[in-house]
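Residues or ranges marked as domain 'Lipoyl-binding' in TrEMBL: 2-77. Sequence annotations record features per position, and here TrEMBL assigns region 'Disordered' to 86-106. Per TrEMBL, the feature compositional bias 'Basic and acidic residues' maps to 86-98. Per TrEMBL, domain 'Peripheral subunit-binding (PSBD)' is recorded for 105-142, 152-189.
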Amino acid sequence: MASEVLMPKLGAQMEEGTIVSWLVELGEFIEKGDPLVEIQTDKVTMEVEAEHEGHLIKIIFEENEAVPVHTPIAYIGEKGEKVKAKVEGSQNKEEEKQQSNVKTPRTPLARKIAEEENISLDQVTGTGPNGRIQKKDILIYQSEKEAKPAKRATPLAKKVAEKQNIDINEVEGSGHYGKVNKEDVLTLSSNSPADTSQERSEMVKPIKGLRRAIAESMKKSAFEAPHVTLYSEIDMTEAVQLRNMLLPLIEEKEKVRISFNDIILKAVGDTLHKHPGMNISFNKDQITYHEKVNIGMAVAIEDGLVVPVIRNITNKTLSDITKETKDLGRRAIVHQLKGEEMKGSTFTVSNLGKYAVDHFNPIINQPNAAILGIGQISKKPAVKQGEVTVRSIMGVSLSFDHRALDGAPAAAFLSDVKRLLEDPFKLLI
């Protein structure tokens, strides 16, 4: 019997996912645990594995379609097996009842686009099962409606228009029956504003997918949580020596290189353990004090930002942390993180140290109550034991939610992070 492939719910806030690409061809055999489809959630793009083995006998939703969670998106079964797919879009009972009274069936996404674009679905021809109107049918209708018949033009006029980066359809023809000639193109070119070509070179991209999720999350945090940011500078000279000492040891053991960020994460984790009032989450009318310290590590990827979590960091050595951060960072860049690996953080660290940035105001990663921003390490003059010397100085910025935390405990926490990083060999004890 064929098995349904459902759109997974990968997070508490996830309502729908977008199919980025099918990794298996229709009719192809797939084993349990093999990558089946690439899904873009509200947080990240990731591969979803097959829960059953068999042939991919039916694909219900195409690439770039947004699908509600728990909706069948495909079927896996015996080769040649026939299945009767559920109504595409798998609406809830109320929606199905509403659609049963509609003359032409349509997917929820198609209906949504039609409403937004003020398109009458009676004018759209459906190509889905039983004539069902899908997203692509709406797009085809729009392109056909908006398409303009190509203007008649001489070959020379077309060549000149191409060189001048001018749409031939925008040129008013003066020839026989409105045919466009070379002079018509040159006239339009001479009358155009000087910056026309610049305007035409601009690209407008809709905000969607991961970028949209990040935008909504940042807006919510920035306008909902009253941010307060504390700044400090940390002498990392001893930390530089510690890293130089550990580099060959950890590289030989784990085949990875320890970074300053690994040392910082360890120091922040140990300090959070001593300041449980900082290891909290704020949600509406309650504060949750977490027993375990789970630090979110902000990772920049091509299309946005993801925050994989290093769990129970206080029980891990610098070698453990180095190995884990490299694995999480590598898989984040190639969109191979699992949903559960980006949930459950109790504090976040965002490091822009590889750029020429000293301080910045990091936005809190809700429901965390605080986030630490890390700047570059640079050589600066400093007074040490009464003498001016050159030291390796790093700027840090601690943003916290003033609804959950006050300035004094936040400052005490930042001071202890500074103290530990300036005497980092204690991290080995």
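Sequential numbering from 1, following the chain as shown.
Any Cβ shown, glycine's included, is placed from N, Cα and C.
Counting residue by residue with DSSP, the domain 'Lipoyl-binding' (2-77) contains 0 helix, 39 strand, 37 coil. For the domain 'Lipoyl-binding' (2-77), the model's average pLDDT works out to 85. For the domain 'Peripheral subunit-binding (PSBD)' (105-142), the DSSP counts in helix, strand and coil order read 23 helix, 2 strand, 13 coil.
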